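Q: Starting off with a structure, shown below.
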Amino acid sequence: MDLYEIRGGRLGVITEEAEQQELQTDLSSMQSHKDKVSNRRGRAALQKSLPLEQGKQSSPSPTGADDKCDAFREEGIEENFGRREQHLEQHYNDVLQTLSQRYDKRSTRLEEEKKGKLEALYTQLLVCGQAMDASKELIETAQEIYRCQDKRLFLKTVMPTIKRIEAFAKEKVDLTVATRPEFDTPLADLTDVKAMMDSINVIPAPSAPVINPQIPNSATQTSLRVCWSLFSDDTVEYYELYYRPVLEDVPADGTQVPEVSKVNVKETHCTVTDLLPNAQYELWVTATNTTGISPASEKALYMTVPSPPVIKQRECTSCTEAAFISWDSGNTNPVDSYTVELSELSAAGTYSDATESIVGVPTCQCVVQLQKGSRYLISVRAVNIGGSSDRSDVLTVSTTGTFFHLLEDTAHPCLSISEDGFTVFYGDEELPISAMASDENAFTRCVAVLGDLIPVRGRHYWEVEVDDDTEFRIGVAYEDTERNSYLGANSTSWCMRHIVTPSRHKYEFLHNGWSPDLRITVNPVRIGVALDYQKGTLSFFNVDLKQHLHTFHYRFQNYVHPCFGFDSPGALTVHNAIEAPEYAFI
């Protein structure tokens, strides 16, 4: 065991010497870098202090302008020097940190090699010690047998002992030292450190740009103007602007992620073109100089201008004092609001110089107040943060009278409506049961249809032209009137009914199934209907004779719709947008 202690101590001395040599090599390298940094800082501090000392010795300017200029320059020099110093210090700290990590790594490897050598020597010493113990025990046994006086005992034990000695002699103990005292010291690979030293530049890589929020009215249907900013002291050669559309329904597996587009820009603004209308885009930007690329800015969302709305001609109605305009958005994505624009047409058909606008309309419909007896051109724009869309197709509105179309979704399946939407036909052919299945809003029992009257509580007038032999029902009804009931047979409808009998033409003015007893001698072919919400009246006239037929007196709680029904095959034509005669609202 003394041999182990001696050799272990010698091995420890060898290991410590190798380790000290390695540490001195690494520490001298680190110290040289620290000295270089200190020398450069000292030179920079000396250069910074010299102008200040010279400034103190120079005479002040009479006007003080030079002093302000010098102070401004000194402040700029101080700020730039601070930033450069911080940049250099950061890079050299990175280099020193890398060297320190290398030192720790190599020191750990040396410690593991030392441990392995000591364990090998310890194992070999144990084997030698066991051999020496066995040899000592055999020698002592042989000596005891030699001293034995009993001949018989001697002869009995001597042969086994000789055999043990011969077997021990055959065993060979390897006394060669199993490990070398020298340590492997491969050359340090400092390629990455050299690359780090070479990459140190006086100009730092730019900071992350700051992309600005979208400026209102800064886009078109197919383009976006994007602006961003950067720290004033950063040096930038060019910017890279990235953008891609934002899709609402993107699979979780990312198989349909939109492609990212990129454009190189010299300035801090860019107009991106060839985009989709009313689409949301995600944008971000990076800055690049000779040192490297900055981190990406935070992502910003921009919107292109919407497409023009599409006015629904069949759903637009008007009267002498207002117009109800309905349109389709024309865009897949929602918009912020709509703007309705109207300009009055003169008697000569020329445009008015003044255009009125109703802004901030939240839905796809609007009631516009107008002047009586005029003609207007009305258009709609869709608006989002990017700006306003182009105008929709123009709708011409006249306020000489009430104008409406028939609601085709309420028409009984047996009815046919002309292409212009003002003539209704009821044929005598039988329809199959499959053809009778219709919209739940359609009449099912009474062969009738509703008109789409503007929701304005004022005066409304229209005329109905019918054949002399057609049995009909015309009047008004609430929107929720029962579809499986006859017009005039319930409390939600008021109508004039024409019945043809073999002896005469009979007329009834029905409400809730009751009619006054009236006789009309001349059959009206063109019937005028006058509705006055304020007075609560619904009147019927023979237009050709200017004859008053009947008036219902009722305070209508809700808006009503014109209604037209048939009790026999025939046709009727609605005439609207006409001026009400003087006798209609006396």
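Any Cβ shown, glycine's included, is placed from N, Cα and C.
Whatever TrEMBL says is automated annotation, not expert-curated.
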Q: When TrEMBL marks a stretch as region 'Disordered', which of 22-69, 310-357 is it?
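A: It is 22-69 that TrEMBL annotates as region 'Disordered'.
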Q: Going by DSSP assignments with H, G and I as helix and E and B as strand, what are the residue counts for the domain 'Fibronectin type-III' (310-402)?
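A: Taking the domain 'Fibronectin type-III' (310-402) as a whole: 3 helix, 48 strand, 42 coil.
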Q: Over the domain 'Fibronectin type-III' (209-308), what is the model's mean pLDDT?
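A: Mean per-residue confidence for the domain 'Fibronectin type-III' (209-308): 89 out of 100.
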